[in-house]
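Q: My questions will all concern the structure given below.
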């Protein structure tokens, strides 16, 4: 019995040793072939696994690109007007009818300005309210800035002055008025609130801009220049440099040193324990928004050239003053982005962004774009100055006072919006019957 157990144990040990020797034998051709086959199969599997994510990534990129094109160019109803841009270019070369070229250029730029606002709004989802409002104001003013530089290059100084003045008036009265009115109707009977401190700082900057524009006009009309025709231009260039320094300081104050003063009312409500509103999910990525901003700005610059060239011809064919076209029609088109954004944010009860768009845009034009155009005209050899003439300067001064009084309480309602809209109608009617003597003299 014992012998049989010993034999069985020894046979088991030998079999296990043989298995171990067979498995550990490295010189066996069978083992080499098996390992080589295993390596080949592993390499095939890894290569197939790496090719699948590449294919999926490519398809995902194609899908996001098509989705981005659809959202930006086809989703909005206002994009029906996009074909009028190329049509204006064809009309310019085929017929030469300036009235139609101007009209089609206006229609073609309108959706581009609105899409600029949309792309900026999408970019603002990644940057926050304060920087978002600044970006919206900047790219919203891209249309006016491009038109102004092109007109300045052609020596049309009065068109530059009047279109920039019209942008300020349109933003402060029409855009802000429509935003207050629609926001007040949607949220009736609630009183909407906004950051009072930020509004007061913006009002102070606008009054400073009025002062910079007022003194060259007063110097001209009182005939008290030391050197006639030169002192006014020298004062304008000096004041423009001062205004650019003031605007740069304002940006540092707003974004860096006193950024806490620009915390929105919505953020303060959330900190007090109120229920936060759902955050908006952007429809396109940050880099897609930047790409679309570049593309749209380039196309606006192309159409702006045809628009400026057709202004005088449109004035003659329509029997309409150039001042009315420059102060009223051009800014309404150029401010389409601000108009849409300001109304949308007011309806969502985000008045701090609304003010950042409307009042921030006016501040940027008055404290940056106008002085910048004076400096660019200086470089180009064009006598661009801050003398906007008495009628235009008075219109700006009264508008800034009216809006400053509207903003001092930090609240808004539909009646304030209605008053601002009615004030804009009065200004528009005034420019329709106004004859610009300076442009006639030129």
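Yeah, the Cβs are placed from backbone N, Cα and C, and that goes for glycine too.
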Q: Could you check which of 234-253, 254-273 is flagged in TrEMBL as transmembrane segment?
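A: That would be 234-253, per the transmembrane segment entry in TrEMBL.
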Q: Honestly, do the transmembrane segment (164-186) and the transmembrane segment (69-94) touch, with at least three Cβ pairs under 8 Å and pairs 6 or more apart in sequence?
A: no
Q: Go through the chain and flag residues at least 6 beyond the ends of the transmembrane segment (353-380) whose CB is under 8 A from any CB in it; none is fine as an answer.
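A: Result: 124, 129-130, 132-134, 136-138, 140-141, 144-145, 148-149, 152-153, 157, 160, 164, 167-168, 171-172, 175-176, 179, 183, 194-195, 198-199, 202-203, 205-206, 208-210, 212-213, 236-237, 239-241, 243-244, 246-247, 250, 264, 335, 338, 341-342, 345-346, 386, 403, 407.
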Q: Between the transmembrane segment (320-346) and the transmembrane segment (198-222), are there three or more C-beta pairs closer than 8 Å, counting only pairs 6 or more apart along the chain?
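A: When sequence-distant Cβ pairs are counted, the transmembrane segment (198-222) does not touch the transmembrane segment (320-346), since fewer than 3 lie under 8 Å.
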Q: Out of 69-94, 198-222, 289-308, 386-407, which stretch has the largest tally of CB pairs under 8 angstroms to the transmembrane segment (100-118)?
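A: Selected stretch: 69-94, with the most Cβ pairs under 8 Å.
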Q: Are there residues at least six beyond either end of the transmembrane segment (289-308) with Cβ under 8 Å to its Cβ atoms? List them, or say none.
A: 68, 72, 85, 88-89, 92, 101-102, 105-106, 108-109, 112-113, 115-116, 119-120, 122-123, 126, 139, 142-143, 146-147, 150-151, 154, 156, 159, 282, 330
Q: Restricting to CB pairs under 8 Å, which listed stretch, 69-94, 198-222, 234-253, 414-435, is in contact most with the transmembrane segment (386-407)?
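A: Top-ranked stretch among 69-94, 198-222, 234-253, 414-435: 198-222.
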